[in-house]
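S.K.: Have a look at this one.
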Amino acid sequence: MSPTVFTIIISSLATGTIITMTSHHWLMAWIGLEMNTLAIIPVISTMYNPRSTEAATKYFLTQAAASAMILFSSMINSWQTGTWDITNLSYSPAHILLTTALAMKLGLAPMHFWLPEVLQGSTLTTALIITTWQKLAPMALIFMTLNNLSTTTLILLGLLSSIIGGWGGLNQTQTRKIMAFSSIAHLGWMTTIASIMPNIMILNLVIYMIMTTALFCSLILSKSKTIQDTTATWTLSPTLTTMMMILLLSLGGLPPLTGFMPKWLILEELVAQNLSPTATIMAMSALLSLFFYMRLTYTTTLTLSPNTAQAKFKWRFKPNRTTLLMWASSTISIFFLPLTPLITQ
């Protein structure tokens, strides 16, 4: 893809998200979502193989169906209430349609089936965009319509997503599919707390995006597409190996790393709202996710790939350079926990 075309596509992607996040009218939000979807399709299908074409088709069909449902819910709401204002969603069937559509957009269970398949068919860089930037517009719509959405429905969707996100990742060997199920689980945590404490949801979204960006940068640098590939990371850079280990543990939510902060705040708030059974199930589902993070940690740092004495290190014809984005996101993903009291004031 030429730099000019790539610049136009990425600009359209950013513009679509910003239009949705800043709009008050349902039609403008829908236009933003459509721009966003149409811009990412060429990026997914840049590999020119059947797998990426299939991934682009699946992504397009899912997102188009979800966008149509959003448009339909806003139309029946405006028909009943006489307004197209996003915050004034007071018609009950419109809530149900919108919740379903946004769950499909985000990849929440039980509308999550497209996400692992699409990530597996795209490159690691495209997978990074889908799991981070593409979540912003639907989350913005959830944030704007929170007063009208059903709390019970959101908690149930969140619970199911965190369980399936943990369960589904257990049997995976591809790093992109593991990151897809990791994304589903994290979005489940965000959805559970959304209607109870929106500020924690935003904090969780920001931290999730930073941690996912840091880990994807490490995977891109080490070209690790499968669990087996991660066993050879130490030959590339021992520093990178250590960073990946700590990042994976942070994603799993272990203290004293940054990933513990949103889980701690969410569980605390759920218990304060007398939702102890929900908090217990969420904590148990986090253990499922922690298992596959620990497995990746083990293969990355404690397993040596089979090699002969003559070929201990990888040939580096084109040595990759670590980027400022990678180091900045990695640092925040590891050392941010002590700032929790400052954030929660």
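Placed from the backbone N, Cα and C atoms, the Cβ positions cover glycine too.
According to TrEMBL, the protein has these features:
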{"type": "DOMAIN", "residues": "23-288", "note": "domain 'NADH:quinone oxidoreductase/Mrp antiporter transmembrane'"}
{"type": "TRANSMEM", "residues": "26-47", "note": "transmembrane segment"}
{"type": "TRANSMEM", "residues": "59-76", "note": "transmembrane segment"}
{"type": "TRANSMEM", "residues": "96-115", "note": "transmembrane segment"}
{"type": "TRANSMEM", "residues": "127-146", "note": "transmembrane segment"}
{"type": "TRANSMEM", "residues": "152-171", "note": "transmembrane segment"}
{"type": "TRANSMEM", "residues": "178-196", "note": "transmembrane segment"}
{"type": "TRANSMEM", "residues": "202-221", "note": "transmembrane segment"}
{"type": "TRANSMEM", "residues": "233-254", "note": "transmembrane segment"}
{"type": "TRANSMEM", "residues": "274-294", "note": "transmembrane segment"}
{"type": "DOMAIN", "residues": "290-343", "note": "domain 'NADH dehydrogenase subunit 2 C-terminal'"}
{"type": "TRANSMEM", "residues": "324-343", "note": "transmembrane segment"}
S.K.: Let me spell it out: take the transmembrane segment (96-115), skip the flanking residues so only those 6+ beyond its ends count, and list any with a Cβ under 8 Å from a Cβ in it.
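M.R.: The answer is 33, 58-59, 62-63, 65-67, 69-70, 72-74, 76, 89, 130, 135, 137-139, 141-142, 145, 149-150, 153-154, 157-158, 160-161, 163-165, 168, 180, 183-184, 187-188, 191.
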S.K.: Report, as numbers and ranges, every residue of the chain located at least six residues beyond the transmembrane segment (233-254) whose Cβ falls under 8 Å of a Cβ in that stretch; write 'none' if there are none.
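M.R.: Sequence-distant neighbours of the transmembrane segment (233-254): 182, 211-212, 214-215, 218, 221-222, 224, 260, 262-263, 286, 289-290, 293-294, 296-297, 300-301, 304-305, 307, 312-314, 316, 322, 330, 333-334.
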S.K.: Test of understanding: applying the rule of at least three C-beta pairs under 8 Å (pairs 6 or more apart in sequence), is the transmembrane segment (178-196) touching the transmembrane segment (202-221)?
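M.R.: Yes, the transmembrane segment (202-221) contacts the transmembrane segment (178-196).
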S.K.: Are the transmembrane segment (127-146) and the transmembrane segment (324-343) close, by which I mean at least 3 Cβ pairs under 8 Å that are 6+ residues apart in sequence?
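M.R.: Not in contact, no.
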S.K.: What parts of the chain pack near the transmembrane segment (59-76), using Cβ distances under 8 Å and only residues at least 6 beyond its ends?
M.R.: 26-27, 29-30, 33-34, 37, 40-41, 44, 84, 89, 91, 93-95, 97-98, 100-102, 104-105, 114, 118, 130, 141
S.K.: So what's near the transmembrane segment (152-171) in sequence-distant terms, Cβ-Cβ under 8 Å and 6+ beyond its ends?
M.R.: 96, 99, 103, 108-110, 112, 116, 177-178, 181-195, 275, 278, 281-282, 285-289, 291-292
S.K.: Mind checking which residues of the chain, 6+ beyond the ends of the transmembrane segment (178-196), have their Cβ under 8 Å from one of its Cβ atoms?
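M.R.: Here the qualifying positions are 103, 106-109, 112, 115-116, 118-120, 127, 131, 135, 139, 142-143, 146, 149, 151, 154-155, 157-166, 168-169, 172, 204-205, 208, 212, 215-216, 219, 227, 251, 262-263, 266, 269-270, 273, 275, 278, 282, 285-286, 288-289, 292-293, 296.
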S.K.: Give the mean pLDDT for the domain 'NADH dehydrogenase subunit 2 C-terminal' (290-343) on the 0 to 100 scale.
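M.R.: Looking only at the domain 'NADH dehydrogenase subunit 2 C-terminal' (290-343), pLDDT averages out to 80.
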